[in-house]
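Down below is the structure, laid out as structure tokens.
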Amino acid sequence: MTEKSDSTTHFGFETVPEHEKAGRVQGVFNSVASKYDIMNDVMSVGIHRIWKDAMMDWLAPRPGQRLLDVAGGTGDISFRFLKRAGHGHSTVLDLTTPMLEEGRKRAEAEQMAECLDWVTGDAMALPFKDNTFDVYTISFGIRNVTRPQEALNEAYRVLKPGGRLMVLEFSQLPNDGLQKLYDLYSFNVIPRMGQMIAGDYDSYQYLVESIRNFPDQETFLGMVKSAGFENAKHRNLSMGIAALHSGWKI
């Protein structure tokens, strides 16, 4: 117990006690919930939509599959999954209830409420039985988890044999010059956009810092394999600004 309370982790570029991170992340997303989808479009100039389509292309949802969409927030991945599958079911889990409320509103507007469950919960301690889901997705969320390896271990636990993990996350550009240009944009433009559109500079400063702190593609691939996933692979998107990681529970 003492060891856990003494452990630290990153909150952006700040080092904080592990037990504080979840609450601080929750505060960030409570603050940005109502503007989250708009800000995604503005920050990425709409490219996040292309990345999510690429995620669905690789995932190839099938009718009747059961999805667990972790850190699913407003349900963007779940809506895409269900439309591609034709019919199925998605459980959206997120630490932040206001994000889920935004998703519920959208589900009702799109007449998809019966296909979706909304659960407030922690990626490191999923409230589901072993071998429950066909697919586990986490999109732009795992970098906000206090201990990402534990989240991956939980993903493995709740997937059925033959189930698939798919992670979409910001990553690292392979070229130092391009990375410096991207950092220049990220640190100087995105927080200011957050202030202008969402009235929140600090939350978007954290989001930018959390992107920069996240492991590179090969390091994260090793974490996926360590959780037990087989045939683990990654694909770069937009030269490595983001990356997809896939693995199977065999």
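From the backbone N, Cα and C atoms, a Cβ is placed for every residue, glycine too.
Values in this document were obtained by computation on a predicted structure and should not be read as measured data.
Feature annotation from Swiss-Prot assigns S-adenosyl-L-methionine binding site to Thr74, Asp94, Asp122, Ala123, Ser139; the stated evidence is sequence analysis. According to DSSP, Ser139 (S-adenosyl-L-methionine binding site) is assigned to a strand segment.
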Among Asp94, Asp122, which are binding-site residues, the residue with the most C-beta atoms within 10 angstroms of its C-beta: Asp94
